[in-house]
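J.: Below you will find the structure I want to go over with you.
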């Protein structure tokens with residue numbers, strides 16, 4: 001995709017790093033940028049990893065401060081004194097209302113100013129925690145809304161949308177990045193380097209990796 005530019009919404013976690021590496025291979029390193037959001041998340045260690053990975057991969061990274069979210073919403077992802085639990089509706093209390101809507105909005109504003117039309121997000125509705133703003137129907141509706149709001153032809157890509165975590169690990173392996181993503185990315189909601197293996201994010205990550213490695217042995 002020569003002469004086309006892409007912006008990756010980048011957290012430093014498994015999914016967004018997979019998307020960033022795929023974007024580099026698809027569009028070319030010189031045509032890819034990363035945008036990262038600081039919104040008061042308790043797992044701020046991922047911000048450090050995001051900066052390191054972006055620099056290591058040679059990609060320009062922009063970090064935006066959305067910490068104002070603390071003024072209007074409260075949840076366990078932004079309160080390190082709260083226990084991470086699953087609500088009666090099956091959604092963990094780490095869900096941040098409006099987060100992905102805001103991420104896509106600010107990413108689109110930035111992208112238009114940079115002449116970028118392709119926006120890439122690592123959201124997924126297969127192996128996920130039940131967050132409503134990770135669903136394909138939401139992303140598609142947001143794509144239409146942003147195009148109308150800014151009179152611009154954005155294309156929001158979600159390459160992991162229908163992949164299981166095991167399949168996401170397989171994709172990383174296909175790109176020659178399995179070990180890199182295992183060793184360099186951070187996913188833990190509790191902000192523990194190497195993972196706590198107890199929070200919803202760690203459980204999904206470790207279970208998916210185990211499934212993929214087991215299937216790889218069987219081949």
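Backbone N, Cα and C atoms are what each Cβ position is placed from, and that goes for glycine too.
Reproduced below are the annotations present in Swiss-Prot:
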type    : residues                                   : note
BINDING : 10, 11, 12, 13, 14, 15, 16, 17, 18, 19, 20 : ATP binding site
BINDING : 188, 196, 199, 202                         : Zn(2+) binding site
J.: What does DSSP say about residue 202 (Zn(2+) binding site): helix, strand or coil?
T.: helix
J.: Among the binding-site residues listed here (20, 188, 196, 199, 202), identify the one with the smallest other-Cβ count within 10 Å.
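T.: Taking 20, 188, 196, 199, 202 as the binding-site residues, the minimal 10 Å Cβ count falls on 196.
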J.: Going by C-alpha distance, which of the binding-site residues 10, 14, 16, 20 is nearest to residue 202 (Zn(2+) binding site)?
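T.: Smallest Cα separation from residue 202 (Zn(2+) binding site) among 10, 14, 16, 20: 14.
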J.: What are the other residues, in sequence order, whose C-beta lies within 8 angstroms of the center of the C-beta atoms of 10, 11, 12, 13, 14, 15, 16, 17, 18, 19, 20 at the ATP site?
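T.: The answer, listed by sequence position, is 8, 50, 122, 185.
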J.: Of the binding-site residues 188, 196, 199, which one has its Cα closest to the Cα of residue 14 (ATP binding site)?
T.: 188
J.: Going by C-alpha positions, which of the binding-site residues (188, 196, 199) is nearest residue 10 (ATP binding site)?
T.: 188
J.: Looking at the binding-site residues listed here (188, 196, 199), whose Cα lies nearest to that of residue 20 (ATP binding site)?
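T.: With Cα distances computed to residue 20 (ATP binding site), the winner among 188, 196, 199 is 188.
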J.: Does anything in the same chain, at least 6 positions from residue 12 (ATP binding site), have a Cβ under 8 Å from its Cβ, and if so what?
T.: 36, 46, 47, 48, 49, 50, 51, 52, 53, 185, 186
J.: Whole-number answer please: how many Å between the C-alpha atoms of residue 199 (Zn(2+) binding site) and residue 16 (ATP binding site)?
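T.: Spelling it out, the Cα of residue 199 (Zn(2+) binding site) and the Cα of residue 16 (ATP binding site) are 19 Å apart.
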J.: Within the same chain, and leaving aside 188, 196, 199, 202, name every residue whose CB is within 8 angstroms of the centroid of the CB atoms belonging to the recorded Zn(2+) site, in sequence order.
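T.: Along the chain, the qualifying residues are 187, 189, 190, 192, 195, 197, 198, 201, 203.
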